[in-house]
Amino acid sequence: MENNVTSRRNFLATGLAAAAGCANCSCGKSHTHEAQDIQPTGEKVKLLSVDGEVIEVDRAFLKPVPDLPKVSNDIERRGIEGKKFVMVIDLSRCKNVGACKEACNHAHSLHPDHNWIKIDAMQDAEESAPYWQPTTCMHCDNPPCVKVCPVDATFKRQDGIVLIDSDRCIGCRFCMAACPYSTRVFNWGDPQVPEPLASEPYSCETSTPQKIGTVGKCDFCPDMARKGELPHCVSACPNGVFFFGDMNEDSVTNGAETFRFSELVRDKAGYRLMEDLGTKPSVYYLPPVNRNFPFEPKSENKEPTVT
Amino acid sequence: MDDTMSQVSTTSADKIIADLYPRKFGTAGRIWTLVLLVICAIGAYAYYRQLRYGLEVTAMRDYASWGIYISNFVFFVAISLVGSLITAILRLSNARWSTPLTRIAEIIAVSAIVFASIIIIVDMGRPERFMNIFLHLRIQSPIIWDVVVISTYFVISLLLLYLPLLPDLQILTTDPEKNSGFQNKLYRLLGSFWRGTQEQLRICNRSIYILCITIIPVAFTIHTVTSWLFATTFRPGWDSTNFGAYFISGAFLVGGGAVLVAMYLFRRSYHLENYITTDLFDKMGKIVVMLALLYLYFNVNEYLVPAFKMKKPEEIHLHELFAGKYALIFWFAILVGMIFPLIMLLFRKGREPFPAFVAGVMVVVGAWFKRYLIVTPTLLHPFLPITDVPESYRRYFPSWEEWAITMGSLAGALLIITFFARLFPIIPIYETVTERSETHENL
């Protein structure tokens, strides 16, 4: 997965990572110290400094921040302070490639039957045009699933993300019945997680490893957000359908393009699914106008992608 | 006992005791028990498989995420409401004719509640985490409300079974020769403190009276909350403000039907013609008519009002029920579960023991399928299209394990009733004696 990401995504991710690294540990000294034994490649990348200036740095000086240590269940339940994550899905760009699904399934080591992202073939009225509609968890601000959970196994965090604690879930499946978006899946049998992941402790933020007899669903990849990276579906989509970002910063990006969230949703008439139910989703859709691709019914939804 | 009993001629009291005394199983009783035990054993084996391989052994999948376990749970909770109907509502309204039925109704209630709890644990993906419900309890979840009210209802039902049994236990211990050693031990354990003094009787009657009043709101709550497991969601077919009343009326109907069935079977197998009289079938039959009409009324509201509007999400759901792939079960549940028994019981001839028994069976069987219709079709008609799942996720037909466990739970409930009737008088002896003596006096 990590190897076939495009260079522009690499740029962004590394940039974010470096910025995050600097902001977090104020380790400017060690950077300069290390810089002495690094040979410049001559390839410059533009970065935004902490002072808000655009600076050019040689690629060789960029160092991926090592994986942050695992956070505790308590911190996972609280969420990332000051954030309010939001997703925008541009329906005019989707041609049901399915790369989002594959990346997601792979990243979370899902059971072959499962897809956390589903791409529905939609047609609102008989005379209206069909289109592809990818659905993730809506991370509702008034989440029906969280309301019905008897044991606080599914919970809403301060950054807006709804997660599942598979170490606590009792498998009653009330949340599945409550979710109007049918986003939740259940590990009916052994989730077939490969080793060594299967014996790792469960993390609510990575949602891995999936456990038998518990519920799973799209988690907005908060582990990636902590690293300053985009969710797997966003970076995997070749057509830039998914935009992810922070409502408080009012920006969303698909890796290549970054928009002001409020302007994007305003100018392109963004909407949310089943607004009338009052669930207040965190996922916005841009209507399928001025399509990049025609709707090809022959690419009828395949059977679930086996990763 | 002493005072009241002395007023009755000893002969008639002795006859009542002899008639109603618990009896050993005959051949039929042994076969019946054996069959039930075998069904339970198969169910237990199926559950062992489910524990070992997970809920994968069921036919439930991500869309049909609840199946016959849940419909069976609803069925059990529904049928348990009969305890409150017969014991409490009829007792409080001074319908003394229902006295012979109180214990039958109460043991049906207790065994149904026991198996409702068991079946809900069977449905859990992680039953070993059951304690999480208490450790991490979140009060806003309707499941927690259900746990609270069902356990409350269970305790009250158990007390309403136990307290009227106390004077009977004294009768049963008067002649230890008639009982096996185990029976004597059990009777002494349960009732050795009972002397039958006026003070004890007063406290006992007072407690029964208070419990009878308490159990009515609790009974309404258990089934209303059970209906809220569905009605608190958005799904077509469940998203209804009518659901609580709809469930309660259906519960009383199936409970009434179950009592008709139990009356007939006990009357036949224990030769209780003098106690479970044809008049009793007549009265109970009339009650079932009323309950069937009530349930029919709520069904009209539940289906015809949405059908008049045909909102888009409801449309597929209603079509599939009325004329689609669920039509057969739907019309079976409506006709066999409500309309046919209703018509049968309207006539005096239909309220004679055997036809009333048949009507009762129809009500109970229809009610079981009705619960299936409440749970499954809704789940298979989600708002968004069913996408990106294997073919097996698109439909639901229970696996053999699900059938075995469900049948096992039904057999288990019947087994509790059977063993109870083996150990205790299924018609209250003491109350029958006192009541007959009072009637004598009044004459």
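Positions of Cβ are set from backbone N, Cα and C atoms, glycine also.
Here the transmembrane segment (B:31-48) has long-range neighbours at 25, 57, 122, 400-402, 404-412, 414-415, 418-419, meaning same-chain residues at least 6 beyond its ends whose C-beta is under 8 angstroms from one of its own. Marked as transmembrane segment by TrEMBL: B:31-48 (among others).
Tertiary proximity for the transmembrane segment (B:68-92) is limited to same-chain residues at least six positions away from its ends with a CB under 8 Å from its CB atoms, namely 58, 98, 101-102, 104-106, 108-110, 112-113, 115-116, 119-120, 122-123, 150, 153, 157, 160, 211-213, 215-216, 218-219, 222-223, 226, 247-248, 250-252, 254-256, 258-259, 364, 367-368, 371-372, 374-376, 398, 402-403, 405-406, 409-410, 413. Annotated transmembrane segment per TrEMBL: B:68-92 (among others), in sequence order.
As annotated by TrEMBL, transmembrane segment applies to B:104-122 (among others).
Below 8 angstroms of C-beta separation, residues 77, 80, 83-84, 87-88, 103, 106-107, 109-110, 113-114, 116-117, 133, 190, 204, 207-208, 211-212, 214-215, 218-219, 221-222, 225-226, 228-229, 232 of the same chain, each at least six residues beyond the ends of the transmembrane segment (B:142-163), sit close to that stretch. Feature annotation from TrEMBL assigns transmembrane segment to B:142-163 (among others).
According to TrEMBL, the feature transmembrane segment maps to B:208-231 (among others).
What TrEMBL records for B:243-266 (among others) is transmembrane segment.
Per TrEMBL, the feature transmembrane segment maps to B:287-308 (among others).
Residues or ranges marked as transmembrane segment in TrEMBL: B:328-347 (among others).
The transmembrane segment annotation in TrEMBL covers B:354-374 (among others). For the transmembrane segment (B:354-374), the residues of the chain that approach it from at least six positions outside its boundaries are 68, 71-72, 74-75, 78-79, 230, 237-238, 250, 253-254, 256-261, 263-265, 281, 284-285, 288, 292, 321, 326, 329-330, 332-338, 340-341, 344-345, judged by C-beta separation under 8 angstroms.
Here the transmembrane segment (B:403-424) has long-range neighbours at 22-25, 29, 32-33, 35-37, 39-47, 50, 68-69, 72, 76, 103, 107-108, 110-112, 114-115, 118-119, 122, 165, 168, 172, 183, 186, 262, 266, 270, meaning same-chain residues at least 6 beyond its ends whose C-beta is under 8 angstroms from one of its own. Sequence annotations record features per position, and here TrEMBL assigns transmembrane segment to B:403-424 (among others).
Residues of the same chain lying 6 or more positions beyond the ends of the transmembrane segment (B:243-266) and with a Cβ under 8 Å from any Cβ of it are 74-75, 77-83, 85-86, 101, 104-105, 108, 220, 223-224, 226-228, 230-231, 272, 276, 280-281, 284-285, 287-288, 291-292, 294-295, 297-299, 301-302, 338, 341, 353-354, 356-357, 359-364, 367, 370, 417, 421, 426-427.
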